[in-house]
Amino acid sequence: MLVSAKEMLQKAKAGHYAVGQFNINNLEWTKSILLTAQEMDSPVILGVSEGAGKYMCGFKTVSAMVKAMIEELNITVPVALHLDHGTYEGCYKCIEAGFSSIMFDGSSYPIDENVAKTKELVKICAEKGMSLEAEVGSIGGEEDGVVGMGECADPDECKAIADLGVDMLAAGIGNIHGKYPANWPGLSFETLAAVQEKTGEMPLVLHGGTGIPDDMIKKAINLGVAKINVNTECQLSFAAATRKYIEEGKDLQGKGYDPRKLLAPGAEAIKATVREKIELFGSAGKASE
Ligand SMILES: [Zn+2]
């Protein structure tokens, strides 16, 4: 069932586990993630970046596909359809397209403008029953062409944004998108603890979940992270499984070229990655609790 992310994240925060946001790129991705969440009785968030939304022929196409799939596959666990790193304009497009959740990434605006725009979106989301994620302090790495340096958020700025009534807050704590470089210093737990202290019950979001060691993930959850974004890891699993299939010449055997066969190992690999993350985040079995 399609729901806002508000309730599932409040429960996660109270229960000291995190809900995974898995980004989708096409039908196979969406199907693999939904089926795995259902199988594991876990709430789940489907993330859609503006680039992926464009690739999938627009947010309306994505919204229609996800809603139909939830119905046709009998998905009963809570599912949120969430815009990832939305621009101001992109947020409005997703509100109109029937998403249940949006992230407004105002981190590139001066704090005053970030606050003004977030305030406006808080009001609209409350009216529509949607959840809203805000960001303070840019996340490092590359996201749709924008390169952030992985700075740490100012806890007072986090409090200012949290007080506006957003449902979840992404605070930069040294995390980055994509693969982590070998010389990455790790997450700043001091920043996370300071942000948590200022924002209290606010579910915190950890972006760039790919490649963060498991013990750091667990520590972050203990310190108040209730949503973890995973994107690159599913892409790497899908690519590796597809590469193996082709390198073994399986596409040349019988009807191995049939897309339903050619894409099957990749789809299974996504399921395995999602299963592993749901276990690590501790959200398995929580949907029906
Ligand atoms: Zn992100």
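Here the Cβ of each residue, glycine as well, is placed from N, Cα and C on the backbone.
Values in this document were obtained by computation on a predicted structure and should not be read as measured data.
Among HIS16, HIS177, the residue that TrEMBL places alongside HIS85, HIS207 at the Zn(2+) 1 binding site is HIS177. Cross-referencing GLY178, GLY186, GLY254, GLY256 against the dihydroxyacetone phosphate binding annotation in TrEMBL, which names GLY208, GLY209, THR210, ASN229, VAL230, ASN231, THR232, picks out GLY178.
Closeness to ligand 1 is met by HIS207, these being the binding-site residues among GLY178, HIS207, GLY209, ASN231 whose Cβ falls under 6 Å from the molecule. Of all Cβ atoms in the shown protein chains, 28 besides its own fall within 10 Å of the Cβ of ASP105 (Zn(2+) 2 binding site). Residues GLY178, GLY208, GLY209, THR210, ASN229, VAL230, ASN231, THR232, recorded as binding dihydroxyacetone phosphate, reach a greatest CA to CA spacing of 11 Å.
Between HIS177 (Zn(2+) 1 binding site) and GLY208 (dihydroxyacetone phosphate binding site), the C-alpha separation comes to 4 Å.
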